[in-house]
Amino acid sequence: MLASEVIQAYEAFCPQEFSMEGDSRGLQIGTLDKGIQRVMVALDIREETVAEAIEKGVDLIIVKHAPIFRPIKDLLASRPQNQIYIDLIKHDIAVYVSHTNIDIVENGLNDWFCQMLGIEETTYLQETGPERGIGRIGNIQPQTFWELAQQVKQVFDLDSLRMVHYQEDDLQKPISRVAICGGSGQSFYKDALAKGADVYITGDIYYHTAQDMLSDGLLALDPGHYIEVIFVEKIAALLSQWKEDKGWSIDILPSQASTNPFHHI
């Protein structure tokens, strides 16, 4: 079958046009007009991902984070980042990117986060189109800030969790309304605040932004960017279901390579 058939099914679920303005999306490397036998799902395209794809004979990678997100000035093999692109092209591996559209689409990444944490009666944080938006906010079983932090740490299997608060008393504050945005969602914290969030969960919170959040009366949890790795398992499961429903004769492989650059001691 053609790679384009897989992507046609994917875009019926998660249209490219749902992406935020200026986002990197869609086919970035190779062609979809080719026969494929193996599709791999990954969070990132790094050296480890490419090596795995080559070893396993992968023809198409569906990835969340675009490998090309800065202007390319040359393709000199002496630059490690360029070698990633060169190896993909050399081995005829197509790369398709699904970034903010999977964050925004219904039953996409942010809804999966809500299901994992028990956040219910949700709506989006910021509108990005007709009846759709980025981030989610909803209600959760009443608990303390500390209890929510422990739940987040356990659910996402984290070795550490950054908590945004000043006073020890904050740990016992009652929490019932929670906002969440995968990735780097600090720019939406005022939307979370405006919609009544007690706590905002997002990654990559800056030092001064954390202070601003607290001044505005909003607690926060920063589990990091890598919680988005559930993209791999979830999309691989969807592709496997479509394979069964549509009779595709291809292999679906969730990437086993860890691309998390952070570890804590």
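Numbers run from 1 along the shown chain.
Glycine too: its Cβ is placed from the backbone N, Cα and C atoms.
These numbers come from a predicted model, not from an experiment.
The local packing around His225 (divalent metal cation 2 binding site), expressed as other Cβ atoms within 10 Å of its Cβ over all shown chains, amounts to 20. Residues annotated as divalent metal cation 2 binding site in Swiss-Prot, with similarity to another entry given as evidence: His65, His225, Glu228.
Taken from Swiss-Prot, the feature divalent metal cation 1 binding site covers Asp103, Glu228. DSSP assigns Asp103 (divalent metal cation 1 binding site) to a helix.
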Cβ neighbour count within 10 Å, max among the binding-site residues Asp103, Glu228, goes to Asp103
Rounded Cα distance in angstrom between His65 (divalent metal cation 2 binding site) and Asp103 (divalent metal cation 1 binding site) is 12
One finds that other Cβ atoms within 10 Å of the Cβ of His65 (divalent metal cation 2 binding site) number exactly 19
Quick note, Asp103 (divalent metal cation 1 binding site) and Glu228 (divalent metal cation 2 binding site): C-alpha atoms separated, nearest Å, by 10
